[in-house]
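J.: There's a structure below that I have some questions on.
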Amino acid sequence: MEVAHEHIDVIPHIESSESDQTDYEIEPQNSESSCSSDSDQEGEEQNEGHSPESVCFTSPDGVKFWTPICEDSKKPQLNQHYPTLEDAFIFYKEYGRICGFDVRKYTKRTDRFGNLYAKYLICNRGGSPRPKKLLDDEGNVVEGPFRKTTSKRCNCPAQVVLKTAGNRGFVLMGFIEEHNHPFVSGAGRMFLRCNRHVSHAHQQFIMDCARANIGATRAHSLVKEMTGSYENVGATISDFKNFSRDVKVRIGDHDTDKLLGKMKDRRSKPENSFYYDYKVDMKGHLTGLFWTDAIGQANYEVFGDIVSFDPTFRTNKYNMVFVPFTGVDNHWKNVTFAAGLLSNEKYKSFKWLINTFKTAMGRAPSCVITDQCPAIRKALEKWWPSTKHRLCMWHIMNKLPLKVGPKLASNKNFVEKLKSAVYSDHLTPEAFEERWKGVISEFKLESNVWLSEMFSIRDKWIPAFFSDIEMAGLLRTTSRSESSNFFFQHYHESGDTLVEFYSSFESAMDKQRLRNADDERRSEQIPLAATSMSIESDASNVYTLELYYMIREEIKSGCFHTIMSDMSRDDEYRYFKCKDELLNDQVFEVSVRHQDSHVTCSCKLFFRRGYLCRHAFAALHQCGIKQIPRAFVKPRWQKNAIRNHSFLGSSNNGGTCVDRDRAKLKRTRAWFEFNNCISVAGESEEFLDIVLNGLNTVHSSLSEKKGSCNIDNSSNRADKFIGPATAPDISVRNPNISRNKGCGSRIKSSREISIENQGTRKCSTCNKFARHNSRTCPEGKNVSTS
């Protein structure tokens, strides 16, 4: 032990403290003890004196001490000066890292005026563990449950003493080198605090993973795979999880303010047409939020004839209802126009939402598809009176097993007959009603209340009643809103803050638009033709790839599964009868106008879906027409449907490169260049050495500049992750936690009820009917303990 001969005392043994970083006066402890096995730290490999990095000796009273072996340049020296206290702490921490122990700041000494004149830095295993005490109302110690935990403190005497030296900073006046415990070695060193640091790169990676709905634990595993081992990660799983927790804590009561600040910043960009609006209650709590960007508005201009929206739950910590507005693009894929958050599913909330949507988009859609929510129906009837409102078939048919019972729902004959009535595009309203009543009568379902209710609103969801709605075929192909909700659920968690929710939403939109860009690229390719007909080749040049495949099937079916016969002709039209073998030889009437090849068919597929049917293609072929009449090529299905509103860029950055954070762009480019270097180096050790030498040079240059540059602190970096800093005063309060239809009490299924009503089992130990068995029987446990 080295001690400078000054009036400053060296604390031989350290008492326990409430916090590792707390500075306050304590009294020296006179007792002496060594480390016991109960205080071993997780992951430490205890060295019993045989390590070449330390020397072990035993004091005369039988206590073992360990002295680390270290270069003198790395070891604290008496009378060594440090510009600041932090510099001294960094030096001692690096010394501990080399030797295999952690350090922490400890107590201080002040003069009578409160000025600091001495500071102590100690081994992290200094002090003694403080036992947990439970007190009753009168302050008496009582026994209680204790957590299964350990302590690493064992009164280690190692420390350094620093004294203020005026303008020269601090000088080292005392140094105890001996420890009363072995040092951490081997794999255990990765768990030392000095070897664990959640760097800015780690933080950025954790936040990027969070936007893809990847949690901190999986993010840590990904970093391990990228770096080669857990030792190279530089932080533990708990460190990653704690950072994610700290981000949520930092958001705190400013969650709504930060999100609105981020949206306001996006709208302020001159090149951006981002739109958002919100509403609050009487106390200033957020109750509604709506937003859309330039790409969503451009897509709505082209594909906004049919819109579906379905509220979904469990996407944020406030239980606000998430409402995406979804349509169908020219690749037959879902496209999101806008989105909203509502605190409840009441009429006033939906009234505000649809009116805000109309204000942002400039017009209401021609048709809206929703579920059977009465509040939505009321709001649409009142505020969008000219918009046709239809119900989603998927939602209704998905309830069928629950409403008719499992036995009938598993009857293939019943299901096929019912679906033939419900899903048929070619039935008239009268034919549907006749077929429906036949199914009800055959299976004796006249008393089924739900089926009777669905029949009473048949004009809201049965395709046979959609003859007055253009593009109504999009209503029944699939559940657009349900599949959209399923898509977004991959990016959201029920505990997300609004900032995290919106960040994940942006990532989801980026993926959706990347898929759209890939579809555009694929549509530029030339597909293989199924026939030698010129009209099929024309279709491949006009339509997107997905639509071409659908039209190709119509052309093939027109060639091989229809029987055409001339009815009559006149100076203006030629009339055909077409027998469709795929529809039980149903006959359709087709007419072709000589002047401009205008074609009509009684099946009305073009009116429902926007492209010609097999009957029309067969008639055009009979007339020798080799191109699709351009009057029947809808712009929404063409390859260039959104060329005037081409892929504008990442939604995460407002749609243009001007909106992007330049630092983020440079960081992305740096990663790209680094990966290129690794790709060029391959498995060549010579090339990899060149990469390593170059990185070392760059690292040294950055380290030199770091001290003179204004580097963002952790708080500033957190603000970049979660949005701009907000004023201390809260302008818009966070939403109250909502209780909507998606939570709380609900109607239980027959399966759940049957499980709950099952009889309890008889326990073989106590011979009682109860909800336990012999293994968990309370009486059995009492017998075993006695």
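Each residue, glycine too, has its Cβ placed from N, Cα and C.
What TrEMBL records for 1-16 is compositional bias 'Basic and acidic residues'. The annotation region 'Disordered' is assigned in TrEMBL to 1-55. Look at TrEMBL and you will find 17-26 tagged as compositional bias 'Acidic residues'. Per TrEMBL, compositional bias 'Low complexity' is recorded for 27-38. Taken from TrEMBL, the feature domain 'SWIM-type' covers 588-624.
Show me how these features fit into the shown structure, please.
T.: The domain 'SWIM-type' (588-624): residue composition by secondary structure is 14 helix, 9 strand, 14 coil, according to DSSP.
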J.: Please give the sequence-distant neighbours of the domain 'SWIM-type' (588-624): residues at least 6 beyond its ends with Cβ less than 8 Å from one of its Cβ atoms.
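T.: Beyond its ends, the domain 'SWIM-type' (588-624) has Cβ neighbours at 425-426, 463, 466-467, 470-474, 533, 535, 543, 547, 550-551, 554-555, 557-559, 561-562, 564, 567, 571-578, 580, 631-632, 634, 636-637.
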J.: Can you give me the average pLDDT across the domain 'SWIM-type' (588-624), rounded to a whole number?
T.: 92
